[in-house]
Structure formats: C-alpha cells, structure tokens
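Swiss-Prot annotations:
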DOMAIN    9-207  domain 'Glutamine amidotransferase type-1'
ACT_SITE  C86  active site, nucleophile
ACT_SITE  H181  active site
ACT_SITE  E183  active site
DOMAIN    208-400  domain 'GMPS ATP-PPase'
BINDING   S235, G236, G237, V238, D239, S240, S241  ATP binding site
Amino acid sequence: MTENIHKHRILILDFGSQYTQLVARRVRELGVYCELWAWDVTEAQIRDFNPSGIILSGGPESTTEENSPRAPQYVFEAGVPVFGVCYGMQTMAMQLGGHVEGSNEREFGYAQVEVLTDSALVRGIEDSLTADGKPLLDVWMSHGDKVTAIPSDFVAVASTESCPFAIMANEEKRFYGVQFHPEVTHTRQGMRMLERFVRDICQCEALWTPAKIIDDAVARIREQVGDDKVILGLSGGVDSSVTAMLLHRAIGKNLTCVFVDNGLLRLNEAEQVMDMFGDHFGLNIVHVPAEERFLSALAGENDPEAKRKIIGRVFVEVFDEEALKLEDVKWLAQGTIYPDVIESAASATGKAHVIKSHHNVGGLPKEMKMGLVEPLKELFKDEVRKIGLELGLPYDMLYRHPFPGPGLGVRVLGEVKKEYCDLLRRADAIFIEELRKADLYDKVSQAFTVFLPVRSVGVMGDGRKYDWVVSLRAVETIDFMTAHWAHLPYDFLGRVSNRIINEVNGISRVVYDISGKPPATIEWE
C-alpha cells in the first residue's frame, strides 16, 4: 500500500488574482497537496474535498460592490482554519461583520507592517525591529479597498501607516487575514507565514514530495490500466517525457511511445530523443519520420494561425495511423498538467474549477475507443521537473527553455521550407551553445533564433553575397505574461553573430530583437 499523499490537503478558493496559482505552488513547495477551485463552490463540494484548511485568494474586484464575489458561508462554519489574502481578507471581514471601504489612495508596492500583538501566524517572524522593539515585516501590497472595522471577535495583529488592519486574527477559530501578498517573493517572510498556517495551524504533514508523488502515480496508473496496453505521443518535451518515464515505471513494455519527427525540431533533437528513451532508458518507442509530409502540407502557407492548425492536423493524422497499427491498445496517455486543467475550466466557465479530465486529444479516429491516462494532471510545471529529476531524466533536458508546440513552424516567418528550417536549426544551435558557454543560458528565461524571409547583402572575402537574415531573441520573465528583452553583453552578441555568419552558409545578417512584452509577444508568430 502506498501512503495517502492527499490525506492532508488545502483548498484555495480563487477570486481572480494574478497570483492565485502562485499561492498553490507555494503550498505544494511546503510538501502539502492543495487544489484551486472557483470561489462559488457548494457546501457539498467543500465537505467532499474535506480540507485541512482553506485559503481565500486575492482578486481584482471591490468587496464594496453589490455583486462582488463572496466566499461560501460554509467556509466559516467548517471548523477548519481559514487564511484570507488581500481580497480574501476583505470578504472575510465583511461576511463576519466587519466593514470595508474604498481607499483614497491605492497601496501598491513595498510596505512595512508593524506587528502590534502576538499571533500564531507571525510569532517569531520579523524582518527588523522598531526603536521600541516591535517586529516589522517587509511586505508587498496591492490593493485599493481596505478593512476599516474588523469583526468583533477578531484582533488587529499588525498595521501600516495607511492601513490600520494589515493583519487580523481570530485565534480561537483559527481565522487569519492579511492585506498583503505572502505568496510573492517581495514579501520576504511570506513563505514562513504560509508555512506557519499550513504546517502548524492546519497541522498538515509534508507528504507531497517527489518520491512519494512518483509512488502514488505508479500505483494509480497500475490500478487504472491493469494489464492493458497504453499509447503515448512522445515529443521530447518535459511533460510528455516525464509522462513516458512514469508509465514505463508502472507498466513497462505495455507502453508504446510514438515519436513523430515532423522536421520542425531543433538540431539533432530526433536522434537525442531516440537515443535517450529508446537506447538509454529502454522504452518501447516507434520513430515516425514525417518531415516531407508536414512540409508539403505547409507549402505555400504564410498565415501563422493556419500553419499551427496544419501542423496540429497532420500530427493527429500521423499519430492516428500509427495507433491503428498497434493491436489491443486500450488507453491514450497525455502529458496534461494542472495549469492546463485550470485553464480549460476557466475558458469554459470563466473561472477555475475542480480537477476534471482535460480532453485535448484532437481527432482520434471514431473506431478507437480509448480511455485517457493523465498522470501529471495534478502537478504544476516545477513539480513535473522535480519528478523528472527523481526519475533520472537529465537536468539540461528538464530545464530547457520553452519550445512551441508547432516548433520551427512558427519560428520560420511566413512559408516554411526545408532550406529555411535547416539554416535556422544551425543558427539557433550556435546561439544556445554560446549562451551555455558564457553561463548565460540559465540567466535568461527563454532564448531562440527566428528566420526572417528577407535577403540582405553581405560581403564574404572578395565577393558579395545576398543571403538570409536571422533575429536572435532572449527575454527575462517570471510568468511569461510580461517580459523584458535580455540585455546580453555586446561582445557576446558580436561573437554569436560572427559564428553564425561564418559557419552557416546562407545567412548574411544577424539582428537582435529588443522588444518587450507588451507590446510585442515573446514568439514572433
């Protein structure tokens, strides 16, 4: 019997903050399972989930508006600790008899919170002390409204100059509210506060660890599929690779991986995937060379969205044909991760919901009635990587920069041709190799090369050449929602440019993209 790693669990109710997924990731980092649900869940759903504690997230609305979101009243009757963050604190205060008002000044950015009285939430936690010995906390504020009167059975634990109730608490009921964001790194002791709430106040054990997650996933896969055969589309990306390794550990040769080589991958990537998963790890893997098929389908197409659809359609066609060749396959495995589940629920309903199967299968043939196996669907990306390391996958592969699903199909601008892909592959490999050599690869969030269908005059020796242009792109970002262009050293950029122009016959000019997001997107197409 594997240990029940879901035994202690935190429920996070999402009021729409951009930081809500970060709250969930922080709780997971503390070794405790949690789920993210929409704020309007029913009492029955909460009872069924049986949380050890509940966190109410921040949100963009104003609690003073008539129809603004409210926590289900049962949250405060369930007999478990509750932690309100920003909007979550405000709705807690209002629903329990306090008062919230719109503030004249919006408080955004760093603030110092002075701790006024003892509380289990912040006992022994401080960044500095006032002249008379009171603890101070450096926190990150982002709010317009503020609590102006707390419920009668609460106490004011901490304040700022403009916010009289920066922390409030009812120690007996174990209800806590903070007007700042403990989940962001700018709140220096935020992780300790979350740990205090989750581990001490809610008394959750650290059961959610990579090794235990693997044991649990393997047991669940075996229970779900038994002795049946499973098929997986393996791309060589993080999610499908970790899915393959988990399934291989659980069911061995009953897993068949199909690797579709679409001709739009990075330099030597197909060989690396086959070497690692076939030769090194011994997975049962079918290599399908399909470059000509993809490129002929893309011929003459310039529109980025149309290119994406063509690549997706042809992949499904090729994968289906291979699946039909295999006998007795009952299950399709997918590398769906928790943010996919949250996003698909949000796109359907406008908000996060309970974990459900995330059917992104596309167009499996009608005659193939397969069940779906999604061993990563409870996991965030950082957890998937940690599990991959535990399963023996190489660090460089797991922590590689993001690569788009359509691959070079959206990094060759306009029509995709084999000549362009070959040039781009070689130029990009030089850029990435130099980033690694200069110890810059892990200092940027994403770096890649784009092929521009533009010819430019160059000089090589005594002759002129009229060849293609590529653009280098490197960005720094935390969440990929916004990004700054990376200020790479000029001598480094010069070295990369010289190598590409000298070593890749067919490229005469290299430019560097200095656009932020917004207004530009990270990828060009």
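Quick reminder: no glycine exception, Cβ is built from N, Cα and C everywhere.
Model, not experiment: these values are computed from the prediction.
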Are there residues of the same chain, six or more positions away from C86 (active site, nucleophile), whose CB falls under 8 angstroms from its CB, and which are they?
-> S17, S57, G58, G59, S142, H143, V178, Q179, F180, H181
Would you count the other CB atoms within 10 A of the CB of V238 (ATP binding site), including those on all shown protein chains?
-> 22
Please give the average pLDDT for the domain 'GMPS ATP-PPase' (208-400) in this predicted model.
-> 89
So how many other Cβ atoms are close to S235 (ATP binding site), meaning within 10 Å of its Cβ?
-> 22
Given G236 (ATP binding site) and E183 (active site), what distance in Å do their CA atoms have, once rounded to a whole number?
-> 32
Cα of V238 (ATP binding site) to Cα of E183 (active site): how many Å, rounded?
-> 26
Just going by other Cβ atoms within 10 Å, which of the recorded positions E183, D239 has the emptiest spot?
-> D239
In whole Å, how far is E183 (active site) from S235 (ATP binding site) when you measure between their Cα atoms?
-> 33
Taking the center of the Cβ atoms of S235, G236, G237, V238, D239, S240, S241 at the recorded ATP site, which other residues in this chain have a Cβ no more than 8 Å from that point?
-> L234, V242, T243, A244, G335
